[in-house]
């Protein structure tokens, strides 16, 4: 145990005349041997003309231990054996002193020393890793490219926190517009508490994971079990080997949206060719895609060292205490001999570090696909044309996916049957879309029974909130597309167009009205007509009194004027105008031009009035009209008797709240001042309309459904606004275009129209409509008979009054009285004639 704790295991490439010898740590012999087998194969294919092919033989491998107490002797002993290069191991934590000894001796003797460790020891050594903060810079560039405003960064060890600090520093993020939250994981494999904290407390959906690969996979698997996958959540995994993992084999992670990085393009033909060589010529175990990061660094390091040594003539051997001349040549060739390595093109900076390297950026929705590259030279992420073309060849599909569907119960869109299953317009629509795109789904009712509105704490309720939190993949309901919602979720194209309208109860058809013949003219017109009749009658009487042509008549024989009786007495004037109004003739005829002018104007007035009355009377008597106290939203806003309101949440309420139109502003002021005007459901609003003087402002689609099934309800006016229903998806969902295309396809085939006909039209309900009447039953004009009877009675009373008030009969009256005695003779003659 003491030896393990105090010993650094170094890999020594030993130079002999017939082979290279390499010392390998005992605990890594099984891992490294396959790599050396592959390098042996790669060296064999390098042609040389001046000397025979040098080979690496597995049986020549040797283990060399360098202790801290005896470090100088151990290294010098290795050099005596002919070591031509030293490779420091991948891990030497706790042995920094021994590593420093090896590095110092290598520098003094000029023996090439290459480190497999990501970070160099106290003295810089040559290594093939990208810079220590390369991943941090790449992640920072990705966050800025995506314009994220907040992230959660997950880590476990202090050195991982150091990389995160580098990331935040390198990003130069504006503290006013960007925030990050650090979450340190406890040791172990259970991350449930940390995930609950992220989901419920932090309420953030962009998570950077900087932990080892296996731990990262456990973290993602547990996140998937807590419904923290899907297009809403986005994970950035900093481990370089994630892209080589068959992630679809891990339950639940296949739905996670993940971005990761790698040193090579796992989908390139070059990497695939190398993979095939490794598989066929060695026992290295490789994943299904790409080459693991550590393996690629191993292979590139050995290949570059061997190529550098084989490119020169080595005449001397290294010795402790002296500088090895051939070592300088090997180092020079090492940096001057570029290599297209598995870990990328190898270029070097003067400091001995890699430069001009590229990290490939992968995004996973269906599978890991390269979509961009990060360059160490520009420190930016850019999508090359080749990457764009490659990505365009990947066909996005929902086939085989299983989606969680959030629904809101609202007839006829979504309803529950007696056996607990769902039905309705939206359910049929979802089924048709699923058949087109070949996905399966599970339906879940929205927990808080709301469409979704922004709360005072900035969070969204209802289906919108579930999409934001990742609790649902789709929201399929009568979900209105609005500006506020579209800022936090995505919508498909509208599957139905609609607007806000007014639901009101039908007025009762007025019972039999014997004075209906007065309806063609309003009360005001009747009053004005009688007033005109009185004024014109008096005017004719006055003008006739004044005009000389109504007092005298020209004698045609001698041309002299002789006085005559004025025919337009006050009584005759009223009689004359009423005869004209009733379009009847009279024995009176005006003589003067003034009276004739007034008479002509009165006749014109009577003509228009009677014509209008006749036309309106025909319509009134043939159709039973239902009179409503309001005709549109303006009428509703202008009165106070009929109360009105909307659903207490949702887009209709938001429309009136945000409207700048004066009428709707007044309506909102009234509604907001009386919270009792709002209802909790459309069912409650409809019941309130039927039971009281209440108008319910609702979306026309549900209004049509209610009117179709209840003959007591009706729509008032047209649409107040124009909008549409769409299917909701999480923001940035790649499936929006697929589902929108499916909706357009159904629309083109008129299947959406058929669905509406199916769910809106109720053939069992037939509402009686006002009908035209071919015959009048007398109910509408019975009043004229009443007027006739009253007129006869008044006439009889009047004639009796005239007889009583006249003391001495005039000659004419006496003649009439005498004629009364002949009535019996008239009756007798009538009966005789009838008998004959």
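Positions of Cβ are set from backbone N, Cα and C atoms, glycine also.
Because the structure is a prediction, the values reported are computed rather than measured.
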Residue in 455, 684, 699, 704 which Swiss-Prot records at the L-glutamate site where 478, 479, 480, 485, 651, 652 also bind: 699
Stretch carrying transmembrane segment according to Swiss-Prot (options 781-801, 802-822): 781-801
Where Swiss-Prot places transmembrane segment among the ranges 419-439, 503-523, 524-544, 545-565: 524-544
Among ranges 580-600, 601-621, 622-642, 706-726, whichever one Swiss-Prot labels transmembrane segment: 601-621
Residue 162 vs residue 660, membrane side identical per Swiss-Prot: yes
Near-site residues: L-glutamate, ref 478, 479, 480, 485, 651, 652, 699, CB cutoff 8 A to centroid: 451, 481, 482, 650, 723, 725
Most distant Cα pair in Å, residues 478, 479, 480, 485, 651, 652, 699 binding L-glutamate: 17
For the binding-site residues 478, 479, 480, 699, the one whose C-beta sees the most other C-beta atoms within 10 angstroms: 479
DSSP-derived class (H/G/I helix, E/B strand, else coil) of residue 485 (L-glutamate binding site): helix
Within the predicted model, mean pLDDT of the topological domain 'Extracellular' (20-523): 77
Candidate with sparsest Cβ neighbourhood (10 Å radius) among 485, 651, the listed binding-site residues: 651
Neighbour tally for residue 652 (L-glutamate binding site), based on other Cβ positions within 10 Å of its Cβ: 21
